[in-house]
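K.L.:
After the structure tokens below, expect a handful of questions from me.
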Amino acid sequence: MQLVCLNLLPRVYVEAAYVLKIRNTGIVNTNAIALLDLHRKATKTYTSPFYLVSDQSTMFWTLLSRSVLICGLVTSHSLTTPTVPTTISKEGPCRIYNSGRCADCLGRQLDRIPWRQFPSTLEKVDLSYNKLQAVYAEDFQNLPHLQVLQLQFNNLSHIDEDAFKHNPILESLNIFNNSLREIPASALISLMNLKKLDMSNNLYKRATLVEGFSKLVKLKVLSMGGPLVMGLKKGDFQPLKNIKLQGFAIKCTSNLSFYELGSLEVIQTQQMGFDMAIDQRPQALPLMLSDIANKTFTAIQFRNLFQFMYFSGKEDIFFNLRYVKAYQLIFHRGKFNENLLRMALMNIQEANIVKRLRLQYIDFARSPTFEDSGAGSSITNLKLDGLDLWSISNPDVLRFDWRFTWFNKVKQLSLQYVYFTSVPCDAWAEMGSVETLDVSNNRLQDSVLYNKRCDLTGSEPHVRIFNVSTNSLVSLKEMSYLTQEFKRLEVLDLSHNMLGSLEGSRDCVWKPNITRLIAHHNQFVSEALQCLPTTMQFLDLSNCGLGQLDMTFFDQTTQLTELLLSGNKIKFIPPHWRSAYLRSLTLDSNSFGVISVESFREMPLLSQLSAGNNPYHCTCELHAFIQQTQSQGKVTLTEWPENYKCYHPEPFLNTIIANYLPAHVACDIRLVVVISVAVTAAVLMILMLICYIFNIPWYAKATYQIVRAKYRAHKERAAGEGEVFVYHAFISYCHSDGDWVRDQLLPCLENNRDPYRLCIHERDFMPGKWIIDNIIDNIENSRKVIFVLSRHFVNSEWCNYELYFAQQRAMGKAFSDVILVVMEPIDPHSLPSKYCKLKKMLSTKTYLEWPQQPKHQPFFWAQLKSVLGKPSLTRGRAGSTRSRAASEGRVSMIEPPMEVDQQDHGVNKAELHGEEIETKELFLKPIPIAV
């Protein structure tokens with residue numbers, strides 16, 4: 001059966017339905033309310049699949065919407081005056097809008113019609129919910145274009161005969177719920193173009209129409225009657241016999257006194273509404289059904305059929321129902337017991353002429369005389385396209401005759417606000433023909449809906465649509481197990497529950513045929529998305545509290561074409577979101593402030609994006625996204641531009657993004673780089689030119705040298721104040737220069753009034769200690785290190801070690817504690833590469849050169865003593881007898897036992913083998929030091 005969506009109905013019909021929702025009663029009031037709710041849901045970014053009707057019922061709903069104003073006129077009301085805007089125009093109390101074609105005077109507490117304020121161009125006037133008492137001839141005489149006039153919910157008791165004389169094209173008149181004591185026929189019969197007339201719920205006692213009503217040949221919707229109409233007579237509606245209506249409704253007193261056979265026989269209408277209680281005269285119902293027998297209706301509604309008591313008679317008062325053809329039969333309000341409901345159902349079952357049955361707001365009670373004989377239910381062949389049980393006071397209505405057999409041939413079953421607390425196993429077995437199952441709004445828990453003890457194998461072979469919204473479900477896992485036997489399930493509505501916790505979202509197993517999942521208004525954690533089916537084409541996760549997106553799940557939903565994520569707390573849209581078939585994406589009302597083209601680059605079919613009402617950071621990236629999206633025209637931004645505003649930075653707060661136009665230079669990275677490079681190059685060239693003209697490099701170099709010299713001096717003073725040493729100087733020399741050291745250097749520095757304490761390896765090295773350790777310790781314990789440089793020094797391996805250790809000691813310090821004494825001229829460039837530091841010192845540091853002429857030697861010793869400083873030490877160790885002997889001119893008794901060659905310090909070759917060889921190998925390789 002082909003399905004047609006309700007959201008295709010014209011807007012004017014939905015507006016008409018809204019009138020009925022305010023009144024909350026009438027012939028097809030509940031249908032109108034449902035129509036309004038469905039339209040509101042359908043006009044969102046998605047269309048819920050549960051609001052679908054067949055082709056045949058589409059005609060019914062269309063006619064219903066056109067005649068929707070009937071329902072209010074049929075019933076009594078207890079609503080208070082609604083709250084409306086109190087804005088008053090300068091000319092009067094009403095709001096004139098739509099270029100002078102409409103006037104809104106609703107709820108202004110008016111006691112007279114402000115006709116002087118009305119422009120002659122008015123086509124629609126709403127004066128409802130006021131305190132008007134009369135309508136006079138001059139009130140609308142200046143409104144020749146008036147088409148719609150609403151006067152409901154006032155206190156009108158009088159309408160002049162000429163009240164509408166000057167309104168020849170008036171099409172809709174609503175005088176519902178006033179105080180008229182008689183039908184204002186003289187004022188109405190001149191309205192030849194009248195199509196809708198609502199004059200129900202007034203105080204007239206008879207519903208008799210005068211012959212003049214036969215002239216209203218264009219009339220389509222008529223609602224009449226009131227709480228004082230005691231009954232109906234055969235000739236009351238005779239003027240309507242040649243008028244084909246779309247909707248007719250009649251209201252009588254709650255205590256019907258009489259009904260004459262044939263009273264409604266002349267009525268020709270597609271929809272019929274009865275609002276009358278037959279508690280005291282139940283035999284009137286067969287007469288009414290007889291009057292409408294052998295006629296075809298799209299809808300028949302009985303309101304408050306039994307208002308005060310349950311029917312206890314045994315006569316089948318619904319017998320004539322089997323002769324009435326109606327697509328939909330509605331019982332709205334009233335008291336039903338099991339016997340009365342059985343009468344209605346048996347006649348519907350017998351004739352098979354009703355396709356849809358609805359019981360709503362029914363006070364249901366079991367019959368005290370019913371006994372279960374075990375023979376089975378009397379209702380086993382009730383073939384219905386749709387059965388709606390809404391707001392039933394007693395859930396026992398489901399187990400009619402203590403059986404569920406009356407469900408077994410129903411295609412669309414809706415159980416709302418019944419609040420049943422269990423689902424017996426046999427209930428599932430009796431719903432084998434159900435294609436649409438709606439159990440929303442019942443406060444159901446998982447344990448109620450899914451009974452693990454039931455064997456559901458093959459129980460629901462035809463269910464395609466399953467609606468469990470607005471309940472108290474918490475476990476996706478149990479829902480997946482419940483639907484395992486729904487072999488044709490395509491649409492699942494889980495909205496308005498408490499699903500999405502991590503505990504209830506593990507090990508889910510879904511049928512692969514689910515294509516639409518509606519789960520908005522739950523509380524999902526990101527990890528719970530892994531428990532959803534992945535075969536969906538439509539997914540609604542709006543208002544689920546999601547803070548981030550689980551891209552692992554979305555990568556698995558390869559068939560997804562429409563995704564709704566509005567109203568969450570998503571703070572980040574991941575880049576490279578891959579969805580090959582996604583066409584519509586809704587991300588409005590979240591928490592992300594940045595959106596870029598990269599996020600949607602891998603959605604080739606995306607054509608609609610809704611991302612408004614987010615706290616956007618107005619940056620170049622956002623501007624680039626908007627520009628590219630609009631220029632390509634591939635993706636349409638819904639609700640653009642009014643819902644896209646800046647949140648950051650503060651100067652642009654609430655600025656519409658369409659008005660955010662940053663400078664081209666600020667957003668073009670390439671241009672910024674080019675300009676930066678060009679400016680930098682120009683500045684450098686200018687600086688170079690200035691330096692060339694004013695010789696700035698020379699001044700800078702000189703300044704640097706001055707600062708560096710002062711820094712060195714400061715560092716030397718700090719080093720001298722903070723340390724004390726055993727020796728004034730460590731003498732590093734090769735064996736070939738030993739005679740000069742012993743004969744010249746030591747006597748000159750040690751044999752005087754203030755002697756210097758010097759360290760030489762021949763005398764002061766500790767016997768039995770490693771040579772390397774002796775070198776390191778004595779260099780560390782010496783304030784200065786004197787290197788006696790000659791060509792033999794360069795060729796000595798041990799001298800190289802001593803020079804290296806002296807460098808390591810001076811690492812991070814100035815080299816002022818190193819004194820170079822050159823015995824013979826040395827070209828720094830001729831030195832081996834391993835003497836890089838020595839090269840640098842010879843090139844940059846002042847050294848002492850030993851003069852060959854004896855007359856210059858005293859000056860040499862003076863310079864050397866000046867460099868060594870005053871011969872005072874504050875720290876010492878146990879004096880060495882060898883040092884003392886040396887100060888007296890004696891030669892050290894420690895002599896090398898065997899000279900290896902002329903380049904070493906007299907160390908025995910045997911000492912360089914065995915255990916010492918490892919240490920020697922450790923220090924043979926010099927560490928490179930930058931020159």
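Placed from the backbone N, Cα and C atoms, the Cβ positions cover glycine too.
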K.L.:
The disulfide recorded in TrEMBL for C531 goes to which of C454, C508?
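P.N.:
Disulfide pairing in TrEMBL: C531 with C508.
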K.L.:
If you check TrEMBL, which stretch out of 72-91, 872-891 is marked region 'Disordered'?
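P.N.:
Here TrEMBL associates region 'Disordered' with the stretch 872-891.
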K.L.:
Looking only at the domain 'TIR' (725-868), how are its residues distributed among DSSP helix, strand and coil?
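P.N.:
Helix (H, G, I), strand (E, B), coil: 77 helix, 23 strand, 44 coil.
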K.L.:
Looking only at the domain 'TIR' (725-868), what is the model's average confidence as pLDDT?
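P.N.:
It averages 81.
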